[in-house]
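Undergrad: Take this structure first; my questions come after.
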Amino acid sequence: MRIDQSIINEIKDKTDILDLVSEYVKLEKRGRNYIGLCPFHDEKTPSFTVSEDKQICHCFGCKKGGNVFQFTQEIKDISFVEAVKELGDRVNVAVDIEATQSNSNVQIASDDLQMIEMHELIQEFYYYALTKTVEGEQALTYLQERGFTDALIKERGIGFAPDSSHFCHDFLQKKGYDIELAYEAGLLSRNEENFSYYDRFRNRIMFPLKNAQGRIVGYSGRTYTGQEPKYLNSPETPIFQKRKLLYNLDKARKSIRKLDEIVLLEGFMDVIKSDTAGLKNVVATMGTQLSDEHITFIRKLTSNITLMFDGDFAGSEATLKTGQHLLQQGLNVFVIQLPSGMDPDEYIGKYGNDAFTAFVKNDKKSFAHYKVSILKDEIAHNDLSYERYLKELSHDISLMKSSILQQKALNDVAPFFNVSPEQLANEIQFNQAPANYYPEDEYGGYIEPEPIGMAQFDNLSRQEKAERAFLKHLMRDKDTFLNYYESVDKDNFTNQHFKYVFEVLHDFYAENDQYNISDAVQYVNSNELRETLISLEQYSLNDEPYENEIDDYVNVINENGQETIESLNHKLREATRIGDVELQKYYLQQIVAKNKERM
């Protein structure tokens, strides 16, 4: 497959890397650049840097990064062609892929993508079955009676799976999809006795489940006739894994970043109703506990998480367990306590959207405040529990990262123990870091290294200084490169990465007139070389080289080659001494070739 270079350039020019990365990483301005937690490996202290000026990103921990295409390839685990297509769709640039297409009606790049295509194609027919067929009328009425407008149904892509064992099966087969792959995607079930396939979802209202990029990867089928189970979800598949999926994250991401808060609900139905009521930063897990993968992803967007679970005993227990775990992970945890026996959907149905949004805004407690209010009766009447929970709450408050929030929690919690905030503070070890949290350094987190200046440059070895400075000057402009390219033998570089960078610059200037790091990284396909390019970019040398400066670097680099010739001469003399004619011929040929390269 090949994409015209002009299309690639247009997409790159229209895609701002800061906007792109911000969809996945919570970034903070630090000097000239932005920093955040790396999306490619788990970390507690930010080491991922984005340069808006240079349009590149780079992790100083795992070394991954690059321009907008390489970031997209890495974050979505897709090919370069797929990344170009994805970003092209994002900026409304049509991507014409020059390739010989197969005769199949289904053009795909991987099994995973084909599975997603199946889900998205069948969604259109589920929606049609719900809104345009007689068989779907009862399901549609059921939704409408529960406040689902036509606009909301369309927005959420809700549909209806007919009461047929082969509706989905026959449709996908006619479209040319592999039935075994449809089974692996979770759309079909299989009779293990005769290995026949049939629809997994029948006579159910179908709610699409999307990944963080907004692609449909699964379904939740809800009964409307009382059959069990109430909800039938897609099974675990290569594209649908509950421990990684947060419902509504694709829609809520921007609001989460803007509000610097994520609100976690128990179910996707609560999310739909809460979002409709005006609460836009809401997500839910798919019937599973909040996983480490969930927490890692949340961390990249915000450090503030609010739990709003059902107002029953199970909801309270889940809030205490989840909140404790989140607090241990270094997040700021808050709780919205719904009235007894109610969930968000029921609250909205009873009091209306405005009352719900006001309640969410005004009834938010810190996790410590919520916890002590739940345990207040036991604290008041059980002296053993009093001591236990005093220590627990003291520790919980110590885990809070903000001193202001700590003081607020002290004021809220102390009255439940009939002590002053000062007395409660005495129980707290403020210098105790959470068990699973790495404290920030003395500057409050990762400090972006400054570009290497002259002082650091002087500390390098003579050879390394020459090689790095020489390449840095070649990066300034094409004329400098052309003037000096023939002056140096690439094999004289002591650093193999520099040798390859030298070749990269040759390829780059063959197609470009002006050096740009964002474009240059597209010419390398390894993290090590990308790291070398970015490292060279950080060198801060004189604006203009002094007279003969570059020539001096050339001489130093070529001295390494001369040393190689001297070594060959020594070996030639030794071969002559011992009378090895074959070795003499070999070393003589090497010396002649080496001298020709230097002419």
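Just so it is clear, glycine is given a Cβ too, placed from its N, Cα and C backbone atoms.
It should be emphasised that the depicted structure is a prediction, and the values quoted were computed from it without experimental measurement.
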Undergrad: Need the matching range: Swiss-Prot marks zinc finger on one of 38-62, 88-112, 338-362, 513-537, and I'd like to know which.
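TA: That would be 38-62, per the zinc finger entry in Swiss-Prot.
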Undergrad: What's the CA to CA span in angstrom from Glu266 (Mg(2+) 1 binding site) over to Asp312 (Mg(2+) 2 binding site)?
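TA: Per the Cα atoms, Glu266 (Mg(2+) 1 binding site) and Asp312 (Mg(2+) 2 binding site) stand 12 Å apart.
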Undergrad: Report, as a single number, how many Cβ atoms besides its own are within 10 Å of the Cβ of Asp312 (Mg(2+) 2 binding site).
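TA: Result for Asp312 (Mg(2+) 2 binding site): 14 other Cβ atoms within 10 Å.
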